[in-house]
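Scroll down for the structure; my scribbles are underneath it.
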Amino acid sequence: MAKSPETELPLKAFGWAARDTSGTLSPFHFSRRENGDDDVSVKILYCGVCHSDLHTLKNDWGFTTYPVVPGHEIVGVVTKVGINVKKFRVGDNVGVGVIVESCQTCENCNQDLEQYCPKPVFTYNSPYKGTRTYGGYSDFVVVHQRYVVQFPDNLPLDAGAPLLCAGITVYSPMKYYGMTEPGKHLGVAGLGGLGHVAIKFGKAFGLKVTVISTSPNKETEAIDKLGADSFLVSKDPEKMKAAMGTMDYIIDTISAAHSLMPLLGLLKLNGKLVTVGLPSKPLELSVFPLVAGRKLIGGSNIGGMKETQEMLDFCGKHNITADIELIKMHEINTAMERLHKADVKYRFVIDVANSFSSL
């Protein structure tokens, strides 16, 4: 007879879980492992709400196992360390992102590319040693030290939480594909959780940044608040035509199905388009503009642990955080409804510790 999530491991834990494809979250008692020799135990203070949390809750990608406790933008304080842990101490502010385990022996792991390990264990909804992982919509987590990162002292913990997914998701491809040369022109397609952080990275790298959006009412915010240099309404044919061949790079953060062809037209010769938005349906693409303009389309999946630490340190140096709306856990279902409607500027973050302190 299978054990229940509440009793299968030694440590009692509490969070909010969805039980079915309605995606509705409610209180959930489960259990976590004891802190091992290489582990770090973290009391969760804040957890960002990622669009992939919503996809997983609804089983949009077809691999959700219920009950599921989402959350992979975790910031908290260390409460216990194993005897082999030298990098972290009790009381440190730390982060836990999208992955909590990998094989640690393959070529990718040996190159600090754990996110491309063929056997990754994600922070939630992954099988792991006979049980499943549960994420950061909960009171604490136990993680192998390799998958924990130090949080810079000058970054606010709540507004820094989304950097652990949204931040590294745009930082890693910008670095890998060389989209960092000062003075070059970066297009940011989509102004949401990923896009607004991409603007900030672009400006920190010294790029000219243009936001590409279907929503003209976002222009003032993009330029005056987030620091973009210009704004391009993608459903305005005349403005799109005038902007053709003007951009060196585009990072496409759009999570809805859309055609890549208009974006390719904006690129110069040798331009690079990198997509990170994970639409649930295939995107329209013709190879002709790639061949004719020697253009590149690429993708990227979060970042390895070494690069995630590098990204956080970069954010600390340049005072980069996410723009957030702080919520309590009991508000999470309303937040998910709003996220589905893109009604957030620009990332929800759950005040986990204060949500559970009265329980």
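Glycine is treated like the rest: Cβ placed from N, Cα and C.
H72 (Zn(2+) 1 binding site) carries neither a helix nor a strand DSSP state and counts as coil. Long-range Cβ contacts of H72 (Zn(2+) 1 binding site) within its own chain (separation 6+, distance under 8 Å): C50, S52, D53, V96, G97, V98, F122, T123, Y124, G135, G136, L164, C165. What Swiss-Prot lists as Zn(2+) 1 binding site is C50, H72, C165.
The feature Zn(2+) 2 binding site is assigned by Swiss-Prot to C103, C106, C109, C117. Sequence-distant neighbours of C117 (Zn(2+) 2 binding site): residues of the same chain at least 6 apart with a C-beta under 8 Å from its C-beta are S102, C103, C106, N108, C109.
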Around the recorded Zn(2+) 2 site (C103, C106, C109, C117), other residues with Cβ within 8 Å of the Cβ centre, ordered by sequence, are S102, Q104, T105, E107, N108, N110, E114, P118, K119, P120
Within 10 A of the CB of C165 (Zn(2+) 1 binding site), the number of other CB atoms across every chain shown is 27
With neighbours defined as other CB atoms within 10 A, the best-packed of the binding-site residues C50, C103 is C50
What residue among the binding-site residues C106, C109 has the most other CB atoms lying within 10 A of its CB? C109
Those same-chain residues, other than C50, H72, C165, found with Cβ within 8 Å of the centroid of the Zn(2+) 1-site Cβ atoms are G48, S52, D53, G71, E73, G97, V98, T123, P162, L164, A166
